[in-house]
Amino acid sequence: MNIRRKNRLWIACAVLAGLALTIGLVLYALRSNIDLFYTPGEILYGKRETQQMPEVGQRLRVGGMVMPGSVQRDPNSLKVTFTIYDAEGSVDVSYEGILPDLFREGQGVVVQGELEKGNHILAKEVLAKHDENYTPPEVEKAMEANHRRPASVYKDPAS
């Protein structure tokens, strides 16, 4: 092999190694910023497709409805705890900060935070439903999937 070919080979190897390193670093950086979307039922029972449940300490977004009667505010701080639910289950949420003006019981919310033991979410951000016609696409899709059940499931057994 002549010297010119060796130099080209070394340059090609260096470029490929640099490209592989760059791709690896970008994927590592993106992995730490990805928040997966779950419903309360998916946190309890796993995603429908894979039955994989989120791990404790995982960052995630959870969408559902604020359970009526569940909002508890600490009178000495901005700490708030509440429960969000869907058709399959409910999870407790703790948040410290100012809640959106549209936040209230029975309203749709998306919380962003970290999963703790006991299916408890330590929220870093709370997003409330904008108006009576707006639903975040992830929440709309999840709620539609949760409510696609036969009418007999929802009938009152006393009737």
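Using the three backbone atoms N, Cα and C, a Cβ is placed for every residue, glycine included.
Along the topological domain 'Cytoplasmic' (1-8), the predicted structure has mean pLDDT 85. According to Swiss-Prot, the topological domain 'Cytoplasmic' annotation covers 1-8, on the basis of sequence analysis.
Residues or ranges marked as transmembrane segment in Swiss-Prot: 9-29.
Per Swiss-Prot, the feature topological domain 'Periplasmic' maps to 30-159; the stated evidence is sequence analysis.
According to Swiss-Prot, the heme binding site annotation covers H130, Y134.
Swiss-Prot lists 132-159 with the feature region 'Disordered'.
For 132-147, the entry in Swiss-Prot reads compositional bias 'Basic and acidic residues'.
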Original post:
So how many of the residues in the topological domain 'Cytoplasmic' (1-8) end up helix, strand or coil by DSSP?
Top reply: 6 helix, 0 strand, 2 coil
